[in-house]
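Step one of this worksheet: look at the structure below.
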Amino acid sequence: MKLILLGAPGAGKGTQAEKICEKLNIPAISTGNILRAAVKDGTEMGLKAKSYMDAGQLVPDEVVIGIIKDRLNDDDCKNGFILDGFPRTIPQAQALLDSGVDIDKVIDIEVPDEAITKRMSGRRVCSKCANSYHIEYKKPKVEGICDACGGELIQRKDDAPQTVLDRLVEYHKMTEPLKGFYENLGKLKVVEGQEDVADTTKLVFAALED
Ligand code: AP5
């Protein structure tokens, strides 16, 4: 199955992508994680992306379109994939459509802005493997340490309160119009993402089968 997860920053796309990945055994592709890894490695792409990401703005379309085109050619994407964080603008969605990739479903996870800002302050991510946790809703077994690799858990730079607000403004302006784009293609499924993680997962799985 070829899926897109849409939703505001912090709506739970990465969290639900992990659950779908386990259920369907298809890779979850997060443009955010790919870009953060490039920033950490100091690659040319990372240097280009860093200032946009730190400011809560979108990285230019040509950069992320290139990333996704390369990644979708990998062998592990042959039986399907989950796109988490792509597309995020109409030109990105159009580029995906024009490249002939036939998306089966687009799941939009809806969470009000107030709930997002509250959630983001509690998110912690692994400094080594990028696994994501929450100080209240998804605690690691040992405080401050990643369950998967033992790496140190840190707060993402773009989870600072003002940057979260800037990312929400960018989301409403640039990404929200994608709902109409995919609704017109008959691909859009909307789920409420305000429930706890397990209940949201049930709604996401129901949307997959719908
Ligand atoms: P990216 O990393 O994609 O960030 P994002 O879309 O803003 O999404 P997040 O990773 O912040 O949140 P999420 O929806 O995955 O939520 P999560 O599951 O972690 O992108 C970062 C930056 O990269 C962008 O700002 C941009 O600059 C650039 N970029 C990336 N893609 C791009 C593109 N296509 N074009 C241009 N630029 C691009 O959950 C959040 C927290 O809440 C976690 O702590 C989690 O444990 C908790 N949580 C999740 N679900 C629940 C629940 N149901 N109840 C309670 N807590 C929950």
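Placement of Cβ uses the backbone N, Cα and C atoms for every residue, glycine included.
Bear in mind that TrEMBL entries carry predicted annotations, made automatically and left uncurated.
Together with Gly10, Ala11, Gly12, Lys13, Gly14, Thr15, Arg123, Ser132, Tyr133, the ATP site in TrEMBL holds one more listed residue from Glu195, Glu209, which is Glu195.
Which of 30-59, 60-89 counts as region 'NMP' depends on TrEMBL, and there it is 30-59.
Checked against ligand 1, the binding-site residues Arg88, Arg123, Cys149, Arg156 give Arg88, Arg123 as the ones with a Cβ under 6 Å from it, listed in sequence order. Residue pair Gln57 (AMP binding site) / Cys149 (Zn(2+) binding site) shows a Cα separation of 30 Å. Spatial neighbours are here defined as Cα atoms within 10 angstroms of one another, and by that definition the neighbours of Cys146 (Zn(2+) binding site) among the binding-site residues Thr31, Val59, Phe86, Tyr133, Arg156 are Tyr133. Beyond the region 'LID' (122-159), the same-chain residues lying 6 or more positions past its ends with a Cβ under 8 Å from any Cβ of the stretch are 10, 14-15, 33, 36-37, 53-54, 56, 167, 196-197. Helix, strand and coil content of the region 'LID' (122-159), in residues and according to DSSP, is 3 helix, 12 strand, 23 coil. Burial estimate for the binding-site residues (Phe86, Tyr133): highest at Phe86, by number of other CB atoms within 10 Å.
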